[in-house]
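What TrEMBL records for this protein:
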type	residues	note
BINDING	A:Asp352, A:Asp493, A:Glu494	Mg(2+) binding site
COMPBIAS	A:196-205	compositional bias 'Basic and acidic residues'
COMPBIAS	A:253-273	compositional bias 'Low complexity'
COMPBIAS	A:855-873	compositional bias 'Basic residues'
DOMAIN	A:41-127	domain 'BRCT'
DOMAIN	A:348-577	domain 'UmuC'
REGION	A:184-273	region 'Disordered'
REGION	A:839-889	region 'Disordered'
REGION	A:1037-1058	region 'Disordered'
Amino acid sequence: MKRKEKFESETGFEGWGDYMDAKIAKLEDQFRHSSASVGEKLSNLFAGVSIFVNGYTNPSADELKRIMMLHGGVFHHYKRPNTTYTIASILPDVKVRSITSEIIISPRWVVDSLQEGRLLDYSRYLLYTQHKPSQPKLAFAKVVPSTSRATDVSKPVPKSDSDPNDISRAECLNVLGMLKHFSDPVPEEPITAVENGKHDEEPKENNNVTNSSEHTMEVDCSPPISNPKEPSPLCSPDVFSEDEPSRPAKASAQPTVQTKTPTKSTSSKQSLTATDPNFLAEFFNNSRLHHIATLGASFKQYVAELREKPTSSFPARETLVQQLAGGRAVQEDSETLETHSGSNVRHIMHIDMDCFFVSVGLRKHPHLRGLPVAVTHSRGSEARVPSHPGQNRALEIELYQKRLGERYKAPDIPIESRLSAIDEHNSLSEIASCSYEARRCGVKNGMFVGAALNLCPDLKTIPYDFDGYREVAHQLYDTIAQYTLDIEAVSCDEMFVDLTELLQVTGVDVMEFVSYVRQQITTATGGCACSAGVGSNRLQARMATKKAKPNGQFRLVPGAVEEYMQPIPIADLPGVGPSTAYRLKQMTYVTCADLQSIPKNVLQTEFGKKFGETLYNACRGVDERPLVYDRGRKSVSVDVNYGIRFRTAQEVDRFMRQLTEEIHRRLVELRQRGKLVTVKLLVRSPGAPIETAKFMGHGLCDVVTKSQPLRQHTDDRTVIETAVLSLMRVMAIEPCELRGIGIQISKFQGVKQAVDNEAGNRLRSMFQKVEEKRKPTVEHNETSVPAKVETCRTLFKQPDDQQPCSSRSCIGLQQQAVPIQMRESYATPTKTAASWEVGVSPKQHTSPAATYSPVRKRSGVPKPATRGRRGRPPKLASVGGRKEQTARAGGGLRKFLMSNETKSNNSSVPDELPAGLDLDVLAALPEDIREEAIRDYRREQQLQLSANKLFQNRAETTPVKSSPQLSDSLREWKSPATPQATIPHADDQKIRVDVKFLQALPPELRVEVEKQIELNKDQMVVTCSEPEIDEPLLVSSPEKSPVKQQTPKKTEPVPAATETCKDPNILRRNNWRELIEEWIDSTEQPYEYDVGLLATNGEELCEDESLERLYIAIRCLHRLVRDRKQACGWHRAYESVVDPIQKRMLVIYGNKLAVPSKVACELCNRVD
DNA sequence: ATCCTCCCCTAC
DNA sequence: TAAGGTAGGGGAGGAT
Ligand SMILES: Nc1ccn([C@H]2C[C@H](O)[C@@H](COP(=O)(O)OP(=O)(O)OP(=O)(O)O)O2)c(=O)n1
Ligand SMILES: [Mg+2]
Ligand SMILES: [Mg+2]
């Protein structure tokens, strides 16, 4: 069914895995767009058919919904008894077991039927065969209520560990998640204390929902009596629309209610790693973080849509007034007076579900109420899990600790006690949410099951219920939305609500409303408790909620705020995470009172202008930020940092395409176009175990990001894909070292970036002062260069814990025994990293593009500042950088001109040195080392992409045409890593375009070229120069190409200075040197057009009087070309470049540049 | 002063 | 075994 029909265009897009053909995607787009405008129907194809989409699918639920709507079908937001088909990619096998009547089919059925124009037999699309005996095992017991091993660690475990020094870090740094749950700087208040204090300042709580017990609404049955459902404005056209008046929702009501365990695939075995075609779908279906992120985003959108509706009346308010304000229609008491008196004091409510996942889960596991419960993938309460081979938890933890210590300059950060689960049989599955009973033992959200069981051996686990979360969240939002739409969605279980208008209009008392609405929520959700806080700004509201939990409410009265804040631990402030808390703690600041005593400018000096001010305000309960009801999106991204295990570049490539497809889908769904593509990779840290402690996790990683600006905003999948693939090529990470991959698209059309308004945002000088104090080893004085070199050398040979070093390299350094090999293990086999690191001055990192290389200069550089400060880790700025030097040298133009017999190339011409080398450092080095350093540096400068820039440039001036001339150039101009030969093809009448070439093109240009080729496909054909494939490929199906992203390169490519690709004159770009180097390295023989282009660019510099740059560039060119012995084509090219430039020089200045007019080469002469 | 890139931090 | 996503705020430091 991959015949393309009805919709013209491309050919040969083959699907891979379960993924949709690109062609079909396009088709989808059309529907999407056409439907966007009106709800008109295109056909009745799906008349009588209703579908429910379960979990992640491709096409997405949203797309399927549109298709159904446009073609006469019905989309069910929740599964109903009369739902015709359930659509899923991955099937929870619990379902298979429990549902007999349900027909579960692949989303492809919809797409294919649409294509065929008729309803296809669904039997071929069944995700499972009902009667297959082998199928889904009923094996595991449902909830595993069971037998906890109460025996072993018997301790009830009193409160959490109280290692005040614990700190934690998120992300990849957080190897075992150990420090994720850093302890509070101040002992937590016993939860029990909260219970009756809940309504402290709100004695008049006449609310129905008392805070006293969580069991209050545990009546998990009996459908909501006064279900607030169906508020008028609630039917959104889009995501949530769907009538759906009745909500079964009762676990008891649906006997078969699947425990909806999003686990395990069905038809086939599980997808363990990203190489599995079904991995992405399966991963997303099981990823709680994916679900909450996605859900959160959709509720933000939901609110925005509700607000956009013209008709926003709130009939429910009348009932509210009747029930609450019955006695006092007119409010006169002082409380409400402040509301009425037009003072600008607002009533902000923050409301958040209590242990959300648990509350939802308990609806189906009512017997566990009142017990310590956690939601996790880990089945069974047994602590022991099989230990997979190769993991080394102790090592991972040790490395992690080391890194933390380096980052925070605190060698002795203790291991978090709670993390003690070093035992390789302790489960590292994360707890998404735990009940308050469990929290009493010290268990926290995000903690590992193993660690939690240590704290709370009786902990019961229940599985995820992602459908339930969506459902309950929906009920939460709908309930609130009955009363006001002044809602800022925070996440699926949480929002801010500005009650000011509501209270004003209804005259209802704040806290009465809060209890009323909380009760409604609890009822509507079938017994899920929530807590709410009220204050005059969002911060206060949040703090009040914290106080109110669980199942309570609290109001922070304006007058008492500052005082109220004082005993609050700083770490409890929103925006203060583990890193900030740790740093403050190191400064002896723990409570808000402590913080209140610090002058604002001190905080700003230490934490940055903005964040310093935020802290200053926050500890006083001050928060100026208004609620934002609809903040537009600024970026989209897709990340997978789990299950990433590749062996070959092809596998990587393939996965990247899947990710690209996914992000493209999301981008289109947003109806946005982006201008910046960023790829983020997690790379196994040197020394970290290959097998991570967490099964299929990412372990200790280094992060590499690189972005590619596009020339214009795009939502074109091929453009994105090309950018992504080229970024991958540039980063050139060994496939087997990858542990995580992410793609982000940003710089949306019409979205302006935030701009620093005030000057003086930079506090650099202050920081530098601080930092200088902190690192006595580092010299900032040029005169100390030799000493510096010595220091570096010593550092490398004999690592010293005292030595500052960058976190990235530290591990490498510590692995003293095998430092070089370790580091070379990436992509720099021959590199003598040592000499580099020895010889290079820190300040060298001129290239902002210098992104990642474990061996890179950045690595060996003594590390400057303490990490933990936000922002990029400061580089060491050695005084008198290259920039100044060249600037100085450029003082007099005359010096570049031909005197009479100049042209001595031999003198140590500083100008020939690559930018970024510290001349003084080099000068201080022995000759051989210097050579080596320069060579290494140059090698790093070899940029895969850069040569493309030459083309990009051309595209601006010369639209691509399918002329023979062009094709010649295409053939000639090889992508860097491409082997020489072009494979001959049967169809040799046609002009051949190597796929590799296409891939190397900048995205927009590539698309242009492809279009042209497509238009002229009679004369042109795309070929692939890879040995294993020699059949012609159709132009429009680059995806089909099995071409590797690149042959493993010897040299370590330096990330392109892709950021500077605007100037059409490449010589004016910052990365001109890289461009030229790459260009020269990329091929045996330059393309004439490029030569001419360069000459023209050079002439332009003449006219601009940019003689300094021109001079350096030509010397550089000469050197590079000269080094390409035998490559006489290049030698001649040099002449072709220099000659016209010199002519122009004579015309303009009456003199020539002091550069060689040709390359001395015997071979050239002979050939001549 | 402003932009850009890469990075860090936080939240759910 | 395990499912470590996603978006936004913001800082450092280089280029212009
Ligand atoms: N590390 C985390 C934190 C949260 N969540 C999910 C599960 C939570 O139930 C939900 C909401 O997060 P909250 O911070 O609101 O935490 P809870 O609702 O679980 O508890 P609380 O009562 O403190 O709000 O997000 C998660 O998966 N992993
Ligand atoms: Mg919550
Ligand atoms: Mg929450």
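Using the three backbone atoms N, Cα and C, a Cβ is placed for every residue, glycine included.
Of the listed binding-site residues, namely A:Asp493, A:Glu494, the sparsest CB environment within 10 A is found at A:Glu494. Shown in sequence order, A:Ile351, A:Met353, A:Phe356, A:Leu476, A:Val490, A:Ser491, A:Cys492, A:Met495, A:Cys530 are the same-chain residues outside A:Asp352, A:Asp493, A:Glu494 whose Cβ sits within 8 Å of the Cβ centre of the Mg(2+) site.
According to DSSP, A:Glu494 (Mg(2+) binding site) is assigned to a strand segment.
A:Asp352 (Mg(2+) binding site) carries a strand DSSP state (E or B).
Secondary structure counts, DSSP: the domain 'BRCT' (A:41-127) has 29 helix, 13 strand, 45 coil.
Within the model, the domain 'UmuC' (A:348-577) carries an average pLDDT of 90.
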